[in-house]
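Structure first, then comments.
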Amino acid sequence: KYPNTNIVSPMATRSVLLSSSFLLILLSFSLEKSNALEGRKTIESNFHTIKLTSILPSSSCMPTSKGKRGGTSLEVINKHGPCSQLNKKGEKGPTLTEILAHDQARVDSIQTRIAAQNFNLFRKTEKTSKKYRAKDSKTTLPAQHGTALSTGNYIVTIGIGTPKKDLTLIFDTGSDLTWTQCEPCFKTCFPQQQPIFNPSSSSTYSNISCSSTACSGLKSATGNTPLCSSSTCVYGIQYGDSSFSIGFFAKDKLTLSATDVFDGFMFGCGQDNKGLFGKTAGLIGLGRDPLSIVSQTSAKFGKYFSYCLPTRRGSNGHLTFGKNGAKSNLQFTPFASSQGTSFYFVDVLGISVGGKALAISPMVFKNAGTIIDSGTVITRLPSTAYTNMRATFREFMSKYPRAPDLSLLDTCYDLSNYTTVSIPKISFNFNGNTKMDLVPNGIFFVNGASQVCLAFAGNGDDDSIGIFGNTQQQTMEIVYDVAGEKLGFGYGGCT
């Protein structure tokens, strides 16, 4: 019909147009699908999808695989978990409600101590800022200035004496003095699993005299002025839950490993001890004071230590002294200026939930200050920050049924009808352009499948100190470079 021309037939034109339209539809569908996939990937990247059993407590010990580790490394165990050897079979430990009550006593003690230090700083420097006046006006100072902290949840075993006696002790980054119960108990000793240390059985034991500079150093390590008994230095330390230890200030050989032995290690030899120490033999102080184990071993380890806190299901976390044991893939944030010698302050800049940056002014965190603490179970946030986090977390978790509150935890869920759950990721931004993504076990505090709770709590106001607790640190490599004034963290620290 159209011979020898370049004119295209109407049918051909219609065919081309239909083909083009079809291609456009396919392209549009492909783009929509691609965008949907990208959107789904973005959503998935902001959530943890996990098996519920992975965060539930277990009645049997489930150790994680051990990796090679340098440095001087001690095994860390949760004293309330199934891997702990401190309790007899079938013997019940404290309930979660009791653990949370003890935790609140510790938090109250920390906040009171820091408020007291701020008060003393205010008086010494005659500062007139609103921050100190406000704290001064509403803070009830402790009746006994030396009130220290309640006890923590994680334990390690060290050796004291010649021949060495193995002692299982709680370790605590918020305390300085290391002490253990000693025979004879002049008044009271609490039950412990291992035999109580007997100084007369050690050939290297000696008491420290009242006139020594070490004795006078007890004031900063315990908050109490030391006493004298027949020229022997006597220490006293009281904790926020009314636990206490009183005894002779002494020195003896400390054994961390076969090749790491320290002569003349100074510690408390407790003759009168009472409290909630869970059948341990005492406490190791990992604070900054000259009498802490960190300072006393600094000639070899350079004030550098790290740890990984296992979950209540796992057994083999670690406490490692020295740089050789640290992982290489670490992020570091500088320590904030300390308001005292014991605590490790860090600068929190912001928090994200489910990929959403919470609308919290950095000044909320800066004004209160934040410490990282191995002994506090539940992270405490300024009231404004916690309220914001809770609202956003509840929004993302709205498809799951709520459960009753668990003590101070007010955002709980009944997940008993689920085998797999999807939970929003929670991230903390620290100074130094560092970001910590919490693992799923660091987001929840679990009392069975029917009561799975957000493991955060709010302070009563925005002025009280924030505390980054040990639930949020679980399974992570946490590094304290005390000499370098920085905190490091990485993932997979217990393997």
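Positions of Cβ are set from backbone N, Cα and C atoms, glycine also.
Sequence annotations record features per position, and here TrEMBL assigns signal peptide to 1-36. For 154-490, the entry in TrEMBL reads domain 'Peptidase A1'. The active site annotation in TrEMBL covers Asp172, Asp373.
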- Confidence over the domain 'Peptidase A1' (154-490), expressed as mean pLDDT on the 0 to 100 scale, is 93
- Among the active-site residues Asp172, Asp373, which residue has its Cβ surrounded by the fewest other Cβ atoms within 10 Å? Asp373
- Note on the structure: Taking only the CA atoms, the spacing between Asp373 (active site) and Asp172 (active site), expressed in whole angstrom, is 8
